[in-house]
């Protein structure tokens with residue numbers, strides 16, 4: 001595969017303030033994503049190119065499919081069920097009740113149908129916040145919540161190895177991608193270690209997804225790129241640069257999961273930066289990677 005066959009297009013000049021959590025929904029040929037401070041969950045229909053959105057009552061940081069229909073989302077410090085038809089959100093569980101300044105950040109469903117998501121302190125400016133205020137949680141299918149650890153700065157990208165034995169996780173301000181041993185039957189994690197340390201120009205690791213070859217893709221906030229890593233060797237395999245600086249997350253989707261979708265942010269960019277990146281805040285589609293992803297797991301509760 002030559003690099004020149006990669007094509008990057010802005011499919012939706014949405015002007016997201018802080019676009020995040022792209023998820024492909026095969027059943028509707030749609031891309032779901034959120035705009036955190038705008039409190040919106042969006043669904044872009046790839047066939048009609050139309051966008052529908054649901055506005056909720058607090059910052060919404062991640063969205064996921066739900067096995068029984070509809071979606072789940074992390075809204076404020078709550079795990080919620082989202083009914084798209086009547087635009088309602090029902091609270092399933094609340095975390096960090098003692099931390100009024102916290103909100104959820106990135107979240108994703110594990111192969112057993114548990115919804116993992118972590119928290120952080122609300123930022124005073126992009127990536128500027130009170131440190132060590134966050135924790136990582138999981139909402140089990142029976143709606144009980146487990147807390148894994150605290151002292152997190154910005155809980156971010158997460159995914160599981162193809163054999164489901166490793167959980168990958170990013171706490172952004174550690175500038176690392178970490179791995180844990182994962183026990184799928186219980187959802188327990190152990191043996192935390194670093195598998196990749198970001199280089200200076202890669203900036204801040206944000207959202208992450210795994211591909212069908214077991215390699216990780218990490219969106220680099222302020223780095224204007226997604227990078228492909230081999231978690232076993234700790235080597236970077238590929239860099240794909242985007243025409244926007246604040247790339248936030250990525251997922252595979254489209255027919256046979258051969259397209260990559262990337263979200264980004266416009267909040268925190270000065271007027272000169274906005275002029276330099278006319279597609280800032282848009283949703284991007286990357287084709288020609290020659291690599292496929294895997295379908296997202298639905299929440300089982």
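One-based numbering along the chain as shown.
Backbone N, Cα and C define each Cβ position, glycine as well.
In sequence order, 106, 156, 157, 170, 172, 218, 219, 220, 221, 247, 248, 249 are the residues of the chain that are 6 or more apart from residue 206 (active site, proton donor/acceptor) and have a CB within less than 8 Å of its CB. Residues or ranges marked as active site, proton donor/acceptor in TrEMBL: 206.
What TrEMBL lists as divalent metal cation binding site is 20, 156, 206.
According to TrEMBL, the feature substrate binding site maps to 103, 105, 123. Sequence-distant neighbours of residue 123 (substrate binding site) (same chain, 6+ apart, CB under 8 A from its CB) are 129.
The domain 'SMP-30/Gluconolactonase/LRE-like region' annotation in TrEMBL covers 18-265.
For residue 105 (substrate binding site), the count of additional Cβ atoms within 10 Å of its Cβ stands at 25 [all protein chains shown]. Around residue 20 (divalent metal cation binding site), the same-chain residues at least 6 positions away in sequence with a Cβ under 8 Å from its Cβ are 33, 34, 35, 36, 61, 62, 106, 207, 248, 249, 263. Neighbouring residues of the recorded divalent metal cation site, listed in sequence order and excluding 20, 156, 206, comprise 21, 105, 106, 154, 157, 170, 172, 207, 219, 221, 248, 249 (Cβ within 8 Å of the Cβ centroid). Same-chain residues at least 6 positions away in sequence with a Cβ under 8 Å from that of residue 103 (substrate binding site) are, in sequence order, 58, 59, 61, 76, 77, 119, 120, 122.
When other Cβ atoms within 10 Å of the Cβ of residue 156 (divalent metal cation binding site) are tallied across all protein chains shown, the result is 29. In sequence order, 36, 59, 61, 102, 104, 119, 120, 121, 122, 129, 154 are the same-chain residues whose CB sits within 8 A of the CB centroid of 103, 105, 123, the residues recorded for substrate being left out.
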